[in-house]
């Protein structure tokens, strides 16, 4: 496995709609493995393939409930609204308040090509929406209010 450099704000791939994955092969499996390793190395809770320069509809998320991998994810339903602070590995040091659905259902494929349906609420729902936005070329700062620099805590 490998840790990839995370693409940052200003790279045009972050503004493009990622391409559907027509077939799951060894390259996609390797991509999933490398994305997870990159996400954990960066201490993130989610990563979309465009964030490592790959235009594929692939995401990985781990909000402390275990690794969730999704290929070609689609949000099929949303309910409620919550506003909370978000940041992004591609926009280091910046946070903002984003309103998102509080409960969602997402359909996609797992690494074996089997259908996967996830019902998520709270932080997992927020992380999934954030990563799926990346697949559509949308950055959190486009939806955020009260955008601010993250001030490091002093020890």
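Cβ atoms are placed via backbone N, Cα and C, with glycine included.
Here the structure is a predicted model, which means the values were calculated and not measured.
All protein chains shown were included, and the count of other CB atoms within 10 Å of the CB of residue 131 (active site) stands at 27. According to DSSP, residue 131 (active site) is assigned to a helical segment. Taken from Swiss-Prot, the feature active site applies to 131.
Sequence annotations record features per position, and here Swiss-Prot assigns Fe cation binding site to 88, 130, 134 based on sequence analysis. All protein chains considered, the CB of residue 130 (Fe cation binding site) has 23 other CB atoms within 10 Å.
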Neighbourhood of residue 88 (Fe cation binding site) by C-beta distance under 8 A, where only residues 6 or more apart in the same chain count: 94, 130, 139, 140, 141
